[in-house]
Every structure is written in structure tokens, then in C-alpha cells.
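Copied from TrEMBL, the annotated features are:
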{"type": "ACT_SITE", "residues": "A:T179", "note": "active site, nucleophile"}
{"type": "BINDING", "residues": "A:T146, A:K168, A:T179, A:E259, A:N378, A:S383", "note": "substrate binding site"}
Protein chains: 2
Amino acid sequence: MSVTAAQGFRAAGVTAGLKASGKPDLALVVNDGPLDAAAAVYTSNRCKAHPVLWSERASADGHLKAVVLNSGGANCFTGPQGFQTTHATAELVGELTGAGAADVVVCSTGLIGVELPRRKVLDGVREAFAGLSTDGGTAAATAIMTTDTVSKQAIASGDGFVVGGMAKGAGMLAPGLATMLVVLTTDAVVEAADLDRALRAATRTTFDRVDSDGCMSTNDTVVLLSSGAGEVRPEPAAFDEVVRTVCADLARMLVGDAEGADHDIAIEVVGAASEAEAVEVARSIARNNLFKAAVFGRDPNWGRVMAAVGTTSARFDPQTLDVSLNGVAVCVDGTPHADPAQVNLEPREVRVRIDLKAGAETATVWTNDLTHAYVHENSAYSS
Amino acid sequence: MSVTAAQGFRAAGVTAGLKASGKPDLALVVNDGPLDAAAAVYTSNRCKAHPVLWSERASADGHLKAVVLNSGGANCFTGPQGFQTTHATAELVGELTGAGAADVVVCSTGLIGVELPRRKVLDGVREAFAGLSTDGGTAAATAIMTTDTVSKQAIASGDGFVVGGMAKGAGMLAPGLATMLVVLTTDAVVEAADLDRALRAATRTTFDRVDSDGCMSTNDTVVLLSSGAGEVRPEPAAFDEVVRTVCADLARMLVGDAEGADHDIAIEVVGAASEAEAVEVARSIARNNLFKAAVFGRDPNWGRVMAAVGTTSARFDPQTLDVSLNGVAVCVDGTPHADPAQVNLEPREVRVRIDLKAGAETATVWTNDLTHAYVHENSAYSS
């Protein structure tokens with residue numbers, strides 16, 4: 001499963017001692033080739049963690065040998081020491097795998113502003129390297145978990161090739177470009193430029209449309225590696241679609257396991273004048289704490305949807321807006337319609353649909369409700 | 001106190017039966033002159049409530065006789081019926097006061113998408129008119145409360161003149177131009193253009209810098225009325241400062257009574273290249289749910305401040321950012337500094353200070369923490 005579903009990859013997950021809980025916290029994914037093509041996208045947060053600053057350079061040439069990931073610390077705002085830890089980690093992985101440090105992406109996740117214990121990280125890397133195996137995908141997916149309650153793994157197949165992936169992410173979950181930590185692998189024969197196209201197209205409509213809590217991370221990274229071990233060279237469109245499927249599956253799992261969430265909310269905007277406006281409207285609702293709290297309380301308070309729509313610059317006329325909640329048309333042409341009491345908000349999945357009546361474009365953003373458990377979990381995270 | 005502190009004004013607050021609780025829910029403020037100069041600012045939410053659409057036109061000429069306000073319903077997205085209720089209310093107040101409907105501002109607050117009972121509103125207007133008095137300010141301030149736990153009234157004096165005001169607002173509290181419902185009165189002799197200048201200058205740095213929950217209302221209105229009854233014509237600068245003082249006092253009261261809040265948080269950004277960038281950075285932190293939940297948990301998690309700063313377009317270098325929490329310099333030059341354990345987050349008032357080191361501009365935005373009580377109150381508001 002996960003990153004070892006495709007041929008040509010080995011992985012491992014170990015306990016390096018970075019987490020106070022003693023749970024697994026370091027993962028290694030190695031591409032055994034014959035190809036070493038790769039593409040990656042990173043957070044657009046301007047306060048980037050050291051591993052992101054390193055990895056942006058490492059992945060720029062479209063070639064990667066390995067990805068090393070740790071939970072238990074974001075290595076962000078940790079000063080020059082922190083960057084040296086990232087560098088030393090890449091150096092060691094490069095040395096062990098026979099590649100250079102410049103072919104190693106480093107990913108970290110956890111608390112910002114706290115130094116990683118470098119010796120434990122490096123010892124963990126040696127142990128992970130020794131334990132690499134072609135069925136290590138689940139162990140790797142488990143080792144990158146932070147507040148996740150389940151490991152996230154997905155796999156999809158095309159004609160003669162496989163794309164597999166793992167993800168972690170449960171909070172600070174509102175990507176600006178990519179989100180969270182995700183490693184995708186494929187045995188298809190695909191060069192770096194094609195990987196890049198497939199990955200950017202997929203993330204744009206999957207991870208980029210998850211907005212659980214409006215908070216963009218400093219460490220988001222999505223990497224796609226191709227080993228070419230399957231010896232099949234797929235059509236670009238077919239390959240793109242399989243990559244998108246895996247990304248969409250992982251994105252849905254992220255929303256489904258978001259910190260403290262009680263509902264997964266799909267906000268579908270139709271009738272928009274442009275796709276960007278559809279996304280803007282959907283995101284404004286996804287970030288409206290009052291609406292999110294109402295969903296938690298099973299309260300079909302569609303006025304809060306309207307108040308959020310009104311803060312955007314999208315083209316629409318308030319007098320013609322339609323809103324439905326789980327299929328019930330509570331507002332038609334800006335006027336109350338069906339009785340909101342008909343809306344059943346008990347199921348975990350909630351569907352909000354807004355028709356802007358300004359065009360033919362559409363977009364769906366996924367978010368979660370705002371719950372007591374979210375507040376509880378995030379009021380005590382670093383203590 | 002409140003809107004009747006200045007000479008030349010009468011007010012009343014009555015129970016019209018709009019609230020299920022049976023509490024006072026309709027207020028009337030009348031300017032007895034000799035002047036009827038006025039200025040007003042309204043929400044920049046594009047989904048404006050019917051009373052806002054009406055009042056924008058009524059106040060445009062700089063003359064107002066009265067302001068009528070109701071809680072118990074926002075009269076927003078209520079269809080043509082809703083607009084007719086606003087119109088009928090203004091007509092009746094105009095008739096009773098001997099002015100025209102076009103000299104009456106109408107303000108409504110409460111749930112969106114639910115019709116106001118027109119007959120009850122009109123009966124309430126008649127009762128309020130009958131009960132107008134020069135010491136009715138407190139009754140009026142009480143009648144406009146929704147989820148407010150206390151009435152908000154402020155007063156300040158200049159050389160020979162008085163400015164008084166009342167405000168309501170506890171949720172959906174993130175002004176785009178003005179916020180909530182506020183009525184200010186003065187007995188100074190000030191023409192409409194000068195009232196407008198004073199009001200816009202004051203709201204820009206007071207109400208506009210309250211961002212309790214990131215949610216902009218459809219009904220925000222701030223009105224300033226001058227009776228001229230004090231016969232003193234103040235210097236513009238002196239008048240502006242007194243208006244600003246009353247607005248700042250009321251704004252601080254709003255934050256102090258925000259729904260479910262446990263802390264009032266002043267986010268001070270210094271060293272910004274422009275005032276707009278300082279506001280952008282401060283607001284990004286004010287809207288970061290993770291940081292707000294951390295403050296509730298007394299967790300000095302400054303990494304969440306950094307992650308929020310990184311989402312802005314303001315000029316800064318992450319490597320030189322300074323952050324202090326309640327005076328403790330937890331981050332200096334992008335590197336951990338003082339032990340966060342020194343930060344005491346027990347007091348209700350919290351001070352966050354970010355130095356962008358990019359210029360000399362500064363701004364402070366006030367927000368609240370994200371608490372269990374906020375989620376509780378807003379998950380059951382309309383049910």
C-alpha cells in the first residue's frame with residue numbers, strides 16, 4: 001500500500017524518539033529506479049520551515065533519490081541550528097543511498113519554534129535505512145502522523161502502472177499551493193516535466209481545495225516520485241487522471257480526519273463567472289466561524305452563508321442568490337424558500353450549494369465544522 | 001448617559017415583542033435640533049440588509065431627524081416584504097416626528113432570513129415615541145442588545161460640547177467599514193461634512209480594527225447626529241478627537257463583551273512599511289483560529305503567529321521577525337529567544353507585538369480568543 005504500492009520503491013517508518021509519546025516519528029522513502037524523476041510543490045506561506053527551504057532547491061532539477069520525513073517537530077523558526085539539522089539529515093540520507101544530499105527532500109512536521117534533536121534524527125535515519133523494505137509503505141505512513149488519528153494511504157492504477165501515496169495532516173490545514181506532507185510514487189515511466197504537470201494539475205483541484213481551519217502551514221510539501229520500474233509510458237491525460245484520483249482520495253481522508261471535526265462540509269459554488277470567483281466564494285464560507293459552528297450545532301443557519309458570500313469580490317446579485325443545504329432549497333432568489341427545519345444535519349457529510357447565477361463556472365471546497373473538540377485540541381497542543 | 005448625554009436629544013427603549021425572551025427590543029433616538037446634521041457609515045458586506053439599503057439613501061444628504069433600531073431580527077434576505085417593513089417603519093417615525101421618512105435611519109439586528117412582524121414593529125414605534133425622554137439613553141442602549149451581556153454606552157466632552165454614544169454587537173463582529181449598530185450624538189454645532197470627516201476618521205482606527213470572529217455583518221451601521229443645541233462650534237481637530245475617544249471606548253467594550261470570549265487580544269504590529277500592511281498582518285493573526293484557541297488554552301504558541309504572518313503580502317524578512325507575548329520576547333530575529341513558559345496568559349487582556357522591521361508604520365487590531373463558549377453560543381443561535 002501507500003508509497004510502496006508502485007514497483008521500484010522501498011520505505012520504512014521508525015521511532016527516533018522525537019515524540020514524547022514514543023510513537024513512530026521518522027519515515028524514509030527511497031526510489032530504486034531505474035528512473036529518478038520527481039516533481040514537488042510546497043507551501044506558499046512566506047514563513048517557510050527549514051526543510052521546505054532546503055527541499056525547494058533539492059527538487060528543482062526534477063531528480064530525487066529519496067524523501068525523509070519526521071513528525072515531532074516542524075523545524076521552523078529554529079535559527080541556523082535548525083537549518084543545519086535539515087542539511088545534516090539530507091547529507092546522511094544521500095551518503096547511505098549512494099546519491100548526493102541534493103537528491104534528498106526533507107519534510108518535517110510538528111511544533112514551530114522548537115529545535116529538533118539532531119542526533120536522534122540522524123540515528124533514526126540510519127535505523128530507517130537499515131529497515132527499508134518493499135512493503136514498508138504502511139510503516140512510513142504511520143510514522144508521519146501527528147494529530148492524525150488514522151494513517152492516510154491511497155492507491156490507483158492506470159493501464160500497466162500504479163500511483164500510490166501517503167499523507168499526513170489534521171490541523172493548520174488550508175493549503176495555499178500544496179498542503180501537509182504527501183509522498184506519491186509511481187512505477188510509470190514519466191519524466192520530471194510530465195510529473196510536474198500532473199502534480200500541479202492534481203493539487204490545484206484536490207489539496208488546494210481543502211480548507212479545514214483557514215490556517216496555512218509553514219511546512220506543506222507534496223512530492224511525486226517516478227521509478228519507471230513498471231516500464232510503461234502512459235498517455236499524459238491518463239497519467240494525470242490517476243495522479244488526481246490518488247490526490248483526491250488523500251485530500252478527502254484529510255478532511256475526514258481533521259482535528260476535532262464532527263462534519264465534513266462540501267461547499268459547491270455553481271453559476272460563477274470564473275473558476276477563481278467560485279473558489280473565492282466557497283473559501284469565504286469555509287472560513288466563516290459562525291457558519292462552521294452552526295453546522296456543529298445542526299443549525300441550518302443559511303444567513304451566515306449569505307453574510308460570507310457578501311464579503312467576496314465575485315460577481316453576483318444578492319437578490320438572485322440561491323442556497324441549498326443537503327438538497328433543501330432554503331433560499332431562492334434571495335428570499336426564504338423551504339423551511340430550514342427540513343434540513344437534516346446529522347450525517348457527517350454536509351453539502352452546501354450556492355448558485356451565483358453569474359456564469360457557468362463551478363468549484364467545490366471542503367471544510368470542517370467548528371467544534372468544542374477543535375478548540376480543546378488546539379488550546380493545548382504545545383503544552 | 002449614552003445618546004441622551006448631549007443636549008437636544010430624546011430617546012426611548014421598549015419591548016415590542018420581537019424577541020422570544022420578552023426583553024426590550026426597539027429603540028428610538030430623536031434629534032430635537034436646532035440642527036439636524038448627520039453622517040453615517042455602513043457595512044461593506046455586499047449582502048446588505050434592507051434597513052442598510054434604506055438608510056444609505058436616507059443619510060446621503062447629511063440630514064437626519066431620527067434613528068429607529070430593533071433587535072430580534074436582522075431583516076436581511078427577507079424578500080420584498082422585508083423592505084416594505086423597513087419602509088413602513090421609516091414612514092411612521094417620519095410622520096410621528098414631523099419629518100419625512102427620508103430623514104429616518106432604520107437599523108435592525110438579529111437573525112438573517114427571518115421576517116420581522118411588521119405590526120409589532122409599528123406598535124413598538126408608537127410606544128417608543130410616546131415614551132421619548134431626555135434621559136432615555138440607557139433604555140435605548142438596552143433595547144438594542146442581542147447576545148450582548150451588557151449595554152454599551154460612552155461619553156466624552158470637549159470644550160463646551162458633549163459626544164455620547166451607544167453600541168451593540170457581540171458576534172459577526174469584523175467590520176469592513178463600520179461595525180455593529182452604533183448611534184452617536186453631539187450638541188456641538190457641526191455641519192454634515194464635518195461630521196462625516198470626524199466619523200470616518202474615528203471608525204477607521206476604532207471599530208474597523210475590531211475583528212472578534214472574522215465574520216462581517218450584513219447590518220453594520222454607525223450614525224452620528226448633531227443637534228447643535230450646545231451652541232458651541234468646536235475646532236475640527238478637537239471635535240474629531242472627542243468623537244474618536246467615544247468610538248474607541250465603545251469599540252473596546254465590544255471586544256470586552258464578545259460572544260464566549262475569555263481573552264481580549266491586542267495585536268500590535270510595528271515596523272511596517274505602510275499602515276495598510278500593518279493592518280493586514282494584525283488581521284491575519286486576529287483571524288487565525290489556531291492562535292486564538294492557543295490563547296484560550298493559555299498556550300504561548302508563537303509559531304502560530306508566525307504562520308499567520310507568512311500568509312500576508314506585507315514586506316518583511318522571516319529571518320528578522322521579532323514577536324513578544326505580554327512583553328516577553330519569545331522570538332528575536334526569527335529565532336527562539338525567551339522561554340515561552342515566562343508568558344502569563346491568565347489576565348483577560350493579552351498583548352501580542354510583532355516587529356516587521358520594514359518601516360515605521362504601526363497598527364493595532366483587537367480580537368478575542370476562540371473558546372468552547374464561542375462554539376457553544378454560535379452552534380445554537382437560531383435554534
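Here the Cβ of each residue, glycine as well, is placed from N, Cα and C on the backbone.
Just so you know, TrEMBL annotations are computer predictions that nobody has curated.
The binding-site residues under consideration are A:T146, A:K168. Their Cβ neighbour counts within 10 Å are lowest for A:T146. In the three-state DSSP reading, A:T146 (substrate binding site) counts as coil. Under 8 angstroms separates the C-beta of A:N378 from a C-beta of chain B, among the binding-site residues A:T146, A:K168, A:E259, A:N378. Classification of A:E259 (substrate binding site) by DSSP places it in coil, neither helical nor stranded. Cβ-based neighbour count (10 Å, all protein chains) for A:N378 (substrate binding site) stands at 28. The Cβ neighbour count for A:E259 (substrate binding site), using a 10 Å radius over every protein chain in view, is 26.
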